Amino acid sequence: MTEQRFDPSQADGRWQRAWDEARCFEADSDSNRPKSYVLEMFPYPSGRIHIGHVRNYTMGDVLARYKRMTGHEVLHPMGWDAFGMPAENAAMEQGVHPAGWTYQNIATMKAQLKRLGFALDWSREIATCDPSYYGHEQALFLDMYEAGLVYRRQSAVNWDPVDQTVLANEQVVDGRGWRSGALVEKRQLNQWFLKITQFAQDLLGGLGTLEDWPEKVRLMQENWIGKSEGLQFRFDLTNGDTLDVYTTRPDTIFGASFVAVAPDHPLAEAVAQVNCDAAKFIEKCRAGGTTAAELETAEKLGFDTGIGAVHPFDPDKRLPVYIANFVLMDYGTGAIMAVPGHDQRDFEFATKYGLPIVRVVAASAEQADAPLTEAEAGDGVLVHSAILDGMTVPEAKRAVIAAAESQGWGEGKTVWRLRDWGVSRQRYWGTPIPFIHCGECGVVPVPKEQLPVTLPEDVDFSIPGNPLVRHPTWKHVDCPKCGGAAERETDTLDTFVNSSWYFLRFASQPADRPFDRDEVAKWLPVDQYIGGIEHAILHLLYARFWTRALKHIGKIDVAEPFRSLFTQGMVTHETYERKNPENGQPVYFGPGEIERSAEGAVLKADGDPVTIGRVIKMSKSKKNVVDPDDMVERYGADAVRWFMLSDSPPERDLPWSESGIEGCGRFVQRLWRLFSQYDDAATGEDRALQRKQHQTIAAAAEDIEALAFNKAVARVYEFTSAVEKAPPSATRSESIATLMLLASPMMPHLSEEAWHNAGFDGLVSEAEWPPVDPALLIEDEVTIAVQVKGKLRDTLTVAKGLPQVEVEALALASEKVQRALDGAEVRKVIVVPDRLVNIVA
RNA sequence: GCGGGUGUGGCGGAAUGGUAGACGCCGGGGACUUAAAAUCCCCUGAGCUUUGCUCGUGCCGGUUCGAGUCCGGCCACCCGCACCA
């Protein structure tokens, strides 16, 4: 006899232990079933699992469990993206060691994930902060160095002069250090780079093969790589020098009214040597923000160097050369020809400094003198452009490039927006870069047999700066080449490096090398990768680059790491706030502190109302967070999982609500009551229910494979209602068993318990997805909409496949149709078979 | 600023160019109960002159027999912008 209510507090743990004991989620690479590699982006161990993680991993889990039920050998691993700044911040703020803090968090979060019943292969767990992981990363980095994919050069960092520390962009607030409040300076340091640009064309071309990636992500990457074809050419300057500029619009060369260089361009620096106003201007630019967003939103500012540039088509024409804050040194040559008529940035600059704005492209020759109120980037024909007049934009581009090449002052050139990847971080909690600096031999790689270069444990975070630099002994080593005194590299690798190959390490974990080539060949590519849209560009591009780099140096034979990608939305929640009467700043309250009703919300503490604010991404600062553990404790893992899948399409944001999770808890119990009605002694057929059953199996499978979990959930609801209403029969019992199977990827604990109680053998987690009888999918009647002039007037229920003429006759015979027609003459009748009739009068 | 996305009832959403609002939440009514919880049933886009009609998918316009869906232009919000992960 089964209990009245399903009790997750004891059932969840029992089945989780049963899965562990059966080791049913460990991937067997010797299996001859078709493989399926399901991977969710691994989490940063920040402390506790966030509800957003729960959503991400629930989606992957449903797919992994479904794939296992449909006969696949599934690899569904989990690990920890364990290096990063928060551990160092915790060390500084709480006096804990980054390693201790990180491993403690991992233990906590692992227990939380276990409580949710995810079908993960924990035998392959990795933490990137473990030397057994990052040691192999160091080896791969050295391999890339040997292959010429790693180099060093000067590059700017944000320097906090008070804390004597390099700051990340997010640590710079309004141009000041977040801790010290000091004005941040740009400082040049020698840093390590990976040559991602060597693969620019391949990374771009590869996007075309990624059919199962969202179009938007491919577009974003394409724009990020930013291939552009244009003209690089040389201006002769009035001071006797020359200046190389790059333009994607050589056709507009007659519209150029000035030339601009980046503040850190050599020409700008040369001018600053002799002109202190220029030096001050450059100083001002350096004090500003470093990010592209800040540069481009800042007011356009320039400094006239007094130098003139000779127009290549008109030796008498001189263009003033400016230093301008909106020109980027990293793109092209760091210098541009500015065409205000056809580039909005140039337009704003020209307006501000009173420079000429000339139209050189118009819709037609007659429009040559149409006034410009903003820059026009559209197509048209060339005007006011001497020899180019009348040409189209593409013709003029070709003509100018041809002229430059034949006259020897420039050449057509492909330029990429993509820049090489700076991987140096002046921080402790990361992978040590395995190099040694020797006064005699220069930069020397650490010999492979000396890997891993591990982090020293005795470090002091009470003072700012990189502890590796000031550690008493760690960096002092003998040069591997000459044996003389030398120093270790104290920079560590960007944490994006850790996440650029972890999916390979999951496939196999040999101790003596990063991965096994055959195992990688067996499991890769990842069949379904799931993560947040915020990783659309950087992480995914870096992982694609590492895959190419490792293939290039002969380590693997994988073209693309992720065959199919899915980007899920965020979990959001209402905010509850009051205005602080003293400063007008909002004071936030957590969901646990308030009492929510249909009328509004009141604070439990004082019973007075609070304002219900916008529904936004959960964040600690807004206190609109819920803790997954609390929810699992109150409603059980299955209700939480069900909520994560319900309602919102997975690619969109999911608003968490208390009433929503309560509804899910109720549905778990409702299913439980239905499951307990399973009776293998029942007899009799129920054709309609049988039809519904098979339609539901097919539709749910289709929905899960399309990751449309919200639709699969709706199918289960619908089918549940149908089974509940059906009178007892063998079909009904069969339907109940089917429902256990359909629900099992989403609500595995409930399903295991019910499966067991119904007397079935084995675990439902190892059962097969129920087969579909195609004959039962077809309906024999259809409902046809009848429209008059596009408006619905009636519906008809007819046999499926009824000939068009008969449908038309039935529609015209309808009383409602005749009334709507009101005697008007029928001009045309459109019949869509089995769907609709539209009568046009 | 640039690149990418999203917008449908009170709320989350469904809908191969073909019946807009499936399914769920909230709310309302009823049954059961001494009562409550739990459960079950019914109703639930707006308006109107209610056998039915009109309006309605962010806003403005277009294509079509027919537009939530396609095209053009706007608006709002979200994501990314290279040292957050």
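Cβ coordinates are placed from backbone N, Cα and C, and glycine is handled just like the others.
Just so you know, TrEMBL annotations never went through curation; they're auto-generated.
Residue counts for the domain 'Methionyl/Leucyl tRNA synthetase' (A:41-172) under DSSP, split into helix (H, G, I), strand (E, B) and coil, are 66 helix, 29 strand, 37 coil. Here TrEMBL flags A:41-172 as domain 'Methionyl/Leucyl tRNA synthetase'.
What TrEMBL lists as motif ''HIGH' region' is A:43-53.
Taken from TrEMBL, the feature domain 'Leucyl-tRNA synthetase editing' covers A:222-404. Within the model, the domain 'Leucyl-tRNA synthetase editing' (A:222-404) shows a mean pLDDT value of 88, rounded to a whole number.
Among the features that TrEMBL reports, domain 'Aminoacyl-tRNA synthetase class Ia' is placed at A:418-574 (among others).
Annotated domain 'Aminoacyl-tRNA synthetase class Ia' per TrEMBL: A:617-656 (among others), in sequence order.
Tertiary proximity for the motif ''KMSKS' region' (A:617-621) is limited to same-chain residues at least six positions away from its ends with a CB under 8 Å from its CB atoms, namely 50-52, 570-573, 588, 653, 656. Among the features that TrEMBL reports, motif ''KMSKS' region' is placed at A:617-621.
Around A:Lys620 (ATP binding site), no same-chain residue at least 6 positions away in sequence has a Cβ under 8 Å from its Cβ. In this structure, A:Lys620 (ATP binding site) is part of a helix by DSSP. Per TrEMBL, ATP binding site is recorded for A:Lys620.
Look at TrEMBL and you will find A:686-807 tagged as domain 'Methionyl/Valyl/Leucyl/Isoleucyl-tRNA synthetase anticodon-binding'.
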Inset, instruction - Sort out the residues at least 6 away from either end of the motif ''HIGH' region' (A:43-53), same chain, that have Cβ-Cβ distances under 8 Å to it, and list them. - result: 80-82, 84, 86, 102, 105-106, 108-109, 112-113, 127, 532, 570-571, 618, 625-629, 631, 656
